[in-house]
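K.L.:
Attaching a single structure in structure tokens format; questions to follow.
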Amino acid sequence: MLNTDRVDPKDLVQIELDIEGMTCTSCANRIERRLNKVAGVSATVNFATERAKVVFEAREVDVACLIREVEAAGYRAGIPEQSVGVNEAIVDRSEESNTFPNVLRALSTIRFRLIVAGTLAIPVLVLSMTPALEFPRWQWLALLMSIPVVFYSGWPFHKAAWNNLKHLSSSMDTLISLGSLVSFFWSLYAILFTAAGNLGYSMTFSLTARIQPKMPELYLDTASFVIFVILLGRYLEFSGKERSARFISELSFDNEFFVKVLVDGSEVDRHASELVVGDVFIVNTGEKIATDAVIVKGSARLDLSLVSGESEAVLVQEGDLIYGGAVNLEGRILAEVVKTGKESLLGQILETVTEAQSKKANVQRLVDKVSSIFVPVVIVLSLVVFLVRLFLGEGLSQALAVGVATLVIACPCALGLATPMALLVGGGKAAKLGVLIRGPEALESADHFDVAVLDKTGTLTHSRLEVEEFRVISKEYDYLEILALIEAIERASTSPYAQALRRFAVENDANSDLEAEEFQSLDGLGVKGKVGLQEVAIGNTKLLVEIGVAAESVQEVVSLESEGPTTASAIHVAIDRVLVATIRLSGSIRADAKESIRRLRRIVPKIVVLSGDREEAVEAVALGLGIEEYRGGCSPFDKADYVKRCVQSGKKVLMIGDGSNDAGALALATLGVALSQGSDIAKLAGDVVVLRGGLSEAVDGVLVAKRTLSTIKSNLFWAFGYNVVAIPLAVLGLVNPVIAGTAMAFSSVFVVGNSMRLFSYRPRRSL
């Protein structure tokens, strides 16, 4: 086990291992326990994704050791192509154990075994339940047809059960293997040594385990058909996983192509994966954006559906940030690389999604504890039922039927899949909509809310602000001088205000050669820094007071603010503590804001707007959208304090705001939804991250989280309820072994199918 408190974080390595051979949660739990017994290792194994997230101390453990531990438990492990945080120096990818069949290959293998089982098991079942079709010696033909089903199609179950036995453990495979083998060998014995092998032997189908039949009962239908229906269930389960995996793999866009890079004025072909920060590359119509970059020349219309879920083409131009994975639909641009690999937006999205899927919900940990003892308890119960019925005078075949039915009706798989399968599909669905759910904790807190706290800029209004008025106040500086200083300072900021001011400076041909030093972003106030010997501050009136601008100047801008449009935001510029300019910026209310507020009111009874903007601007937007409670002039601390007081009073708070500036409030809220606006996802607060858009997309994310939580609850209700009802029915002899096996397979398929319904969920149609 790893004690992170005693280890330098620099010595820790995090990797993911693909695991092959798991068939139920008992397998995942066994691998997890084995890895966690290794000194310096902390591991979490996810059965639904068939991956293990492992954090280990590099000085104590290496990857080969981890793989050996997994193999010693009876499974195979390997490093996936894009393992998160892997130090390549310590990973030997040449090991044979690192390559194994993926989900598609596993599907292909199951498919052939399933075809064999279906072709032979169905005739055996029909013969066993229809006396009119039972020709002389039919039971011998049924025996011959059962052999390939039990020993070829059922081989994966027997192999897994044997591996479990070698490690003194058990899993669902143990139940299936025991049930089918006991049924087959009893039938073989009955045909060879009892009247069941006679010429005129006949049997009929019964819903229950029959009591004292006239002749020994054959269970070839049980032995073969149980294998068939379990394989069918597993095939459907893998199909669901394959579809979910395809959703996530779409995020890992293929950068195995060449791009044209400008080197000393000439175009040079370079592999997209070899691009480095600072390279300038060309993107023509129809080509993919290789990585995150800033447009230095030209304009284009981009398809951002892969990156942000944006369905319509987006116009981008000089100075705009573009993302790897987007497709240029029209235009020609030159772009300078700013981020590559895991640092790119797509890389961060993929890392966030896989990280979320590797986590376990609290309810899943409870399920894991139940699953760890479930199979041994069922085996013991089956044996006890068999012996008790023999003791009470029932025939051997009848006691055997009840014991086998008890074995094969129990379904630990449904329990194990209930939570991770819903998380897998729900997380993939959200990512497709441009929303990232960071882990199961976010879902567990999405049950209901008492109050929603909203930021204004970027949430209710467009984050792309425009300069409405630029007023020079000081006679010592001209218009372009001030713009050049603003551009230099705001270059280090990613806020909507900074982007608007930089665009305005570029449009007015301000000097862009100046460099800022000692840059500071002051929460709730603005920014400041030095350009040469000049101290430049850009922000609200509170910042002017903070840095010591003359009181009469502050009073002057307060008067100017009251004269402007109520919806506009005012920003002021001071150089060496002297007010030199005041700027008005505005962002129009989003077209879908009213509809989004209507949808939000269906799930939250109270809505509050808290904004750092001036009171008049906040009032105009809030009342225009029918929101009666609002507050302007709020610093990030004020927002966090409001949320904290709400939570302390017992209210569940949904906070939607800027992932950077509102970090405190987002962290304190019951559920925090961060609007990234192109920011570094890894640095954003919030349980849910909206990649692009505003309130409408945030509401979509909350609704997907709520629906996923609802799916988890219904899955668990079914899984627990099924076992609570089905096992006693089998113990009482009220279920035929064939029906028992079919019910068990259906139980797992139900959980997978119920989770898969999330793929078709349309959040904007649900409210």
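Each residue, glycine too, has its Cβ placed from N, Cα and C.
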K.L.:
Can you dig out which of the ranges 57-75, 665-683, 741-759 TrEMBL describes as transmembrane segment?
P.N.:
741-759
K.L.:
Among 114-132, 138-155, 218-236, 398-425, 716-735, point out the range having the most Cβ pairs under 8 angstroms from the transmembrane segment (741-759).
P.N.:
398-425
K.L.:
Can you tell me which recorded stretch out of 114-132, 218-236, 716-735 has the most Cβ pairs within less than 8 Å of the transmembrane segment (373-392)?
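P.N.:
The stretch I would name here is 716-735.
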K.L.:
Which of 138-155, 218-236, 398-425 shares the most C-beta pairs under 8 angstroms with the transmembrane segment (114-132)?
P.N.:
218-236
K.L.:
Excluding the flanking five residues on each side, which residues at least 6 beyond the ends of the transmembrane segment (218-236) place their CB within less than 8 Å of a CB in that stretch?
P.N.:
23, 107, 110-111, 113-114, 117-118, 120-122, 124-125, 128-129, 139, 142-143, 145-146, 149-150, 153-154, 157, 176, 179-181, 183-184, 186-187, 190-191, 196, 203, 205, 397, 400-401, 404, 408, 736-738, 740-742, 744-746, 748-749, 752-753
K.L.:
Under 8 Å between C-beta atoms and at least six residues away from its ends: which parts of the chain pack against the transmembrane segment (175-198)?
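P.N.:
For the transmembrane segment (175-198), the list is 139-140, 143, 146, 150, 154, 157-158, 160-161, 215-220, 222-224, 226-227, 230, 375, 378-379, 382, 397, 400, 403-404, 407-408, 410, 737, 741.
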